[in-house]
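The feature domain 'U3 small nucleolar RNA-associated protein 13 C-terminal' is assigned by TrEMBL to 640-774. According to TrEMBL, the feature repeat 'WD' maps to 91-124, 133-176, 177-218, 248-270, 358-399, 403-445, 461-492, 503-544, 545-586.
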Amino acid sequence: YAVERKIEPFYKGGKAQLDQTGQHLFCVCGTRVNVLEVASGAMLRSLEQEDQEDITAFDLSPDDEVLVTASRALLLAQWAWREGSITRLWKAIHTAPVATMAFDPTSTLLATGGCDGAVRIWDVVQHYGTHHFRGSHGVVHLVAFHPDPARLLLFSSATDAAIRMWSLQDRSCLAVLTAHYSAVTSLAFGTDGHTMLSSGRDKICIVWDLCSCQATKTVPVFESVEAAVLLPEEPAPELGVKSPGLHFLTAGDQGTLRVWEVASGQCVYTQPQLPGPGRELTHCALARTAGLLLSVTADHNLLLYEACSLQLQKQFAGYSEEVLDVRFLGPEDSHVVVASNSPCLKVFELQTSSCQILHGHTDIVLALDVFRKGWLFASCAKDQSIRIWRMNKAGQVACVAQGSGHTHSVGTICCSRLKESFLVTGSQDCTVKLWSLPEALLSKSTAPDSGPVLLQAQTTQRCHDKDINSVAVAPNDKLLATGSQDRTAKLWALPQCQLLGVFSGHRRGLWCVQFSPMDQVLATASADGTIKLWALQDFSCLKTFEGHDASVLKVAFVSRGTQLLSSGSDGLVKLWTIKNNECVRTLDAHEDKVWGLHCSRLDDRALTGASDSCVILWKDVTEAEQAEEQAKQEEQVVKQQELDNLLHEKRYLRALGLAISLDRPHTVLTVIQAIRSDPEACKKLEATVLRLRRDQKEALLRFCVTWNTNSRHCHEAQAVLNVLLQHEAPEELLAYEGVRAALEALLPYTERHFQRLSRTLQAATFLDFLWHNMKLPTLPAAPQPSETHKGVLPY
């Protein structure tokens, strides 16, 4: 398996901004500012400063050309964001991190407000600091230029809840507007140039007259407001804007967008409230040119509305925290549904990255399962309820049924396998419930606006003495397996839930049970770090797979039941071959517990979701890898044949070049030995080595280091070294890649070989000396026969 796609967090809180055309969305994620394409939801760029510190503030110029980011290292970076390159980097001069920044309407001046209470203004065209304003008490968390560039006014607000009006011309503070009792969260300006709206966490919005610097109207909005936006002065009956005059929109901790009329101080429109926590709005901004409104929720979802009607256009899930379960959706596995540490479900279309956020549960969703055809899926949550959702052909998902009955959180759910007829849930209340699906739910004619159907539990059975962590329905819909924290798995007959047998053998609680699609076998994954396979006939343990260093959280059969995929709390996903108990691949792409694991119906892709907030789509690349391996082997055979031919023809240069390109030191050694066996070895070797390219010489030097460690091959290494040292200039040799390490490795062995040869030479010289000394002196000539008659015998 190889990573095909990653759904990663791209927004972890802080500022989010649309460009003027509404085509790009900019948001902070730790050390990066991510740029998303609104139409597709795809991430175009991820901009990170060189200091790799957290981004504390950023702003996009009104002409959409320049992006400036500020990091915790007190550096400001100016980006050509379309190319993803920094055009300028400079010190912020603030003594504490920059908390906010804003461009003036001409896109030439940038104001920065710091945690040190200072406000600085920079000319981003001429590249210098123009103003430095002091006087604010505490962190300056809001700066805004007046929309009329001729007036050269800057407004700032700090933790003292006062709004200061600074004149760039006089370099002084013109007025301090005090009416708020808590932090001011946003400033908006009217088209007439002398009206300003401020919102605060003190649950009021104030309209100011900038000519007299007085508050003209205070509107109590009864919620802590994070952002207020002045609406265009034109009728919008859908938003309750019927009369002329100022209207503004607020976003705050109630989690709904509301429209207020300034004249009467009345709320004229309230957005329908969605269930569940984490709905508080933390940010809201209007892109006037595009006619879009962006709002951000506390659980990091970004919502795009049409400004004139507040019709939802797009949804983006910025950060999923802990992913608890994942499933493929649709008959072609075109979508994925993700349950994270939230009551909302997120449905992503894989082709376009577009996201749909599903509301319904009121507490964290713990598990998911999908029915056979892929249109219906079920979810269960901590709110003790279950819900069934249906996706239509357009990819829109709606809740069609809900049921409750468990007395504790529902931690596991499994759908029927043959038909869309029932589902089974397991809970912390130690019971399993079987829910049958009514016929009305399965007929396509059910109107989506008629509300969810209420489900009733058909059977309830107390199955274990501790929490039930996993339930699985057999492929024939006649058996049910349950896995519990009490270290056992049990097999039950459906639909009455009669106990057939117990699988005991694990040393810790069980996290997952799964039936084989082909054989009468059950797989269990446990907190003891093992996976076991059990026979359904006699409940005996067939195999145990050991390899995870921590709890095994999920297991799934793949490759038609011949292999297993398992995921653990060590962040690893392992692929096992059942036949030989072997772990054939370990996939390491997550950084935390992998809670979710699901395989596509064609077995060619897998989906994993983990506590690191990442969802990864894996593609089965076995065939591609086999084809690649075969192609490599064929290429090696062809090259080996070519090498043999070249050596036979004594074309040493080509042979040496080919052997080096194969990156096989032994083959290169064979070529060098073939050259040295030639009668004119010295000249041939010299001619061949010197005609090699520099990169080939570098490779040859690397090989020499290996050969030099062996006394049998050191002569070839020394011969090559001799050629290089004699004919290459020292400067050129020193420029070789890795030459210093090579020399350090060559020296001790060369010294050793030299000493060994010196000892051999001494021994040979001594042997020669001995041989010369051992030669017998020449014998004297035999006496003549004439002398023997005198009676003298020779000795």
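Each residue, glycine too, has its Cβ placed from N, Cα and C.
Contact between the repeat 'WD' (403-445) and the repeat 'WD' (461-492) is supported: at least 3 Cβ pairs lie under 8 Å, counting only residues 6 or more apart in sequence. The DSSP breakdown of the repeat 'WD' (358-399) into helical (H, G, I), extended (E, B) and coil residues amounts to 0 helix, 23 strand, 19 coil. 133-176 is the stretch from 133-176, 248-270, 461-492, 503-544, 545-586 with the greatest number of Cβ pairs below 8 Å to the repeat 'WD' (91-124). Helix, strand and coil content of the repeat 'WD' (177-218), in residues and according to DSSP, is 0 helix, 24 strand, 18 coil. Count of Cβ pairs under 8 Å against the repeat 'WD' (461-492): among 133-176, 248-270, 503-544, the largest is for 503-544. Sequence-distant neighbours of the repeat 'WD' (133-176) (same chain, 6+ residues past either end, Cβ-Cβ under 8 Å): 99-106, 109, 111-115, 117-121, 182-187, 189, 193, 196, 198, 200, 202, 208, 210, 213. When Cβ-Cβ distances below 8 Å are used as the criterion, the repeat 'WD' (545-586) is approached by residues 1, 508, 511-512, 514, 516-519, 521, 523-533, 592-599, 603, 606, 608, 610, 612, 618 of the same chain, each at least six residues removed from its ends. For the repeat 'WD' (248-270), same-chain residues at least 6 beyond its ends with a Cβ under 8 Å from one of its own Cβ atoms are 188, 197, 199, 205, 207, 217, 219-221, 223-231, 238-242, 279-281, 283-284, 286, 293, 295, 297, 305, 310. In the repeat 'WD' (248-270), the DSSP tally of helix, strand and coil residues is 0 helix, 15 strand, 8 coil. For the repeat 'WD' (545-586), the DSSP-based tally of helix, strand and coil residues reads 0 helix, 26 strand, 16 coil. Taken together, the residues in the repeat 'WD' (403-445) have a mean pLDDT of 87 on the 0 to 100 scale. Note on the repeat 'WD' (503-544): DSSP counts are 0 helix, 24 strand, 18 coil.
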